[in-house]
Amino acid sequence: MAGKEIKYSTKAREAMLAGVRTLADAVAVTLGPRGRNVVIEKSWGSPTVTKDGVTVAKEIELEDKFENMGAQMVKEVASKTSDTAGDGTTTATVLARAIYEEGQKLVAAGNNPMAIKRGIDKACEVAVKELAGMSKPTKNQREIAQVGTISANSDETIGNIIAEAMEKVGKEGVITVEEAKSMDTTLDVVEGMQFDRGYLSPYFVTDAEKMVVSLENAYILINEKKLSNMKELLPILEQTAKAGRPLLIIAEDIEGEALATLVVNKLRGTLNVAAVKAPGFGDRRKAMLEDIATLTGGQVVSEDVGINLEGITLGDLGHAKRITIDKDNTTIVDGAGKKADIEGRVKQIRAQIEDTTSDYDREKLQERLAKLVGGVAVINVGAATETEMKEKKARVEDALNATRAAVEEGVLPGGGVALVRCLDALSKIKIKSEEKLGVKVVMRAIEEPLRRIANNAGVEGSVVIEKVKNETGSFGYNAATGDYGDLIAAGVIDPTKVVRFALQNACSVASVMLTTEAMIAEKPSKEEPAAMPGGGMGGMGGMGGMGGMM
């Protein structure tokens with residue numbers, strides 16, 4: 001078993017700082033509209049070209065185990081900021097490096113790291129309050145497009161498509177990003193509720209050319225169990241035939257005699273009917289059937305609630321103005337559910353989203369919520385090559401997350417200016433002198449994103465910072481044009497949530513690193529030289545006799 005190597009105090013923190021610097025230097029080049037690309041080698045296929053901070057951070061593994069620990073801790077900042085706010089990974093990395101670097105100088109000079117940590121925490125708290133006070137809600141589609149454009153590295157097409165998608169499906173709607181088959185980036189919007197189950201038999205098709213089923217003003221029978229016995233279905237089929245309206249049957253499965261009878265009646269023209277399997281599995285299937293029932297004003301036929309198939313009437317069926325079914329999907333548009341019932345169901349799903357700890361469950365609950373309140377928009381990302389496609393798709397996903405964050409908590413002047421505007425509030429904090437050092441660390445660090453944006457644009461960062469400090473409000477440096485002015489008016493805005501999480505996560509990890517006193521890593525095992533092959537192979541000479549086999 002390999003032994004352990006241990007480093008203490010200054011040596012440990014210096015090794016960590018070397019790792020932090022290596023990672024932060026690679027990530028920081030991507031910051032701002034004039035940020036540069038990073039090319040990442042892949043073990044197969046073409047290299048990845050990216051301007052996304054978290055993608056760069058995830059690729060970095062350092063050979064020195066102590067330096068690597070520092071790099072991994074800052075990588076965690078980037079990942080966490082990306083997961084919670086959807087963007088701001090590069091800002092978070094730049095801040096974490098600056099806070100740790102400044103703090104490490106003070107600790108190396110003999111100051112108390114715990115007091116510095118308390119100062120950093122206090123400064124972070126005050127800065128977050130200041131950011132909340134500066135924040136303005138997104139007023140219109142134009143501002144949403146501006147946030148998307150900035151997060152997609154100044155690509156206006158992406159910003160406009162995201163804003164259009166949000167307008168069409170609402171703030172709660174699901175927006176997914178797919179790879180397009182062409183070079184154009186387009187938006188498809190599905191109104192109503194769509195689930196991934198197609199017709200059970202092609203004989204249900206009403207449009208043979210498009211191979212789709214279209215039902216207008218239709219009843220919907222929602223059944224939890226399998227249907228195989230026709231006898232159970234007959235009463236309700238007779239009632240719908242008398243009413244002269246189409247019928248959609250949703251059930252766990254429909255097979256045997258039941259499916260055959262439905263197909264025969266459809267072909268004869270006795271009954272305009274279609275059947276699909278219920279979406280989802282297990283408990284999620286039950287919940288989705290309840291969602292469909294709420295949306296269409298029907299009842300789920302289930303023994304659990306004492307409703308059986310033979311006893312139901314037309315009043316128990318759901319109803320929708322239009323239903324479209326193809327071989328893969330069913331879309332229900334304009335269900336007849338009561339508004340109050342739908343709102344109650346939405347409230348219930350929102351509460352479940354708040355309570356769940358599983359990312360997978362949260363994603364599925366959000367999909368259900370979107371299907372009830374808005375619809376689904378699909379952004380199809382097009383590009384000339386696969387390399388460009390991957391890079392563009394990552395930018396669209398970033399921009400989408402940032403836009404959602406902006407709608408949630410509002411926006412701030414971008415370009416690192418919002419953080420610089422916190423300096424005034426930080427300078428007024430009254431705490432013990434040693435803790436005050438921690439506040440000064442944060443005050444120096446929050447200038448760093450603006451300095452880096454300016455440096456990446458080929459301008460001296462310190463000059464830009466002084467000019468911005470001498471003004472107030474949303475006055476700042478627009479790196480895209482090289483001009484100074486009102487950044488909010490120029491459309492250079494950042495989501496409040498993104499800036500807040502970047503600062504909080506950076507302060508958190510930098511504090512942990514500053515208060516580190518020992519680091520433990522495995523000693524690299526010495527490679528044993530390979531043994532020479534034994535001399536017993538000489539006996540193979542006897543194989544010469546094999547010649548007689550020829």
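Here, residue 1 is simply the first one shown, and the rest follow in order.
Note that Cβ sites are derived from N, Cα and C of the backbone, with glycine treated the same way.
Copied over from Swiss-Prot, here are the features:
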- 30-33, Lys51, 87-91, Gly415, 478-480, Asp494: ATP binding site (BINDING)
Practice problem: Write out the long-range same-chain contacts of Ala479 (ATP binding site), meaning residues 6 or more apart in sequence whose Cβ is under 8 Å from its Cβ. | Solution: Gly32, Pro33, Arg34, Gly415, Ile453, Ala454, Asn456, Ala457, Val459
Quiz item: Thr30, Thr90: which of these binding-site residues has the sparsest Cβ neighbourhood within 10 Å?
Solution: Thr30
Quiz prompt | Chain-internal residues near Asp494 (ATP binding site), provided their CB is under 8 angstroms and they sit 6+ positions away | solution = Gly88, Val147, Ile150, Val411, Leu412, Pro413, Gly414, Gly415, Ala418
Quiz item: Just counting, how many other CB atoms are there within 10 A of the CB of Lys51 (ATP binding site)?
Solution: 22
Quiz item: Out of Gly32, Gly88, Gly415, which has the highest number of nearby Cβ atoms, where nearby means within 10 Å of its Cβ, if these are the binding-site residues?
Solution: Gly88
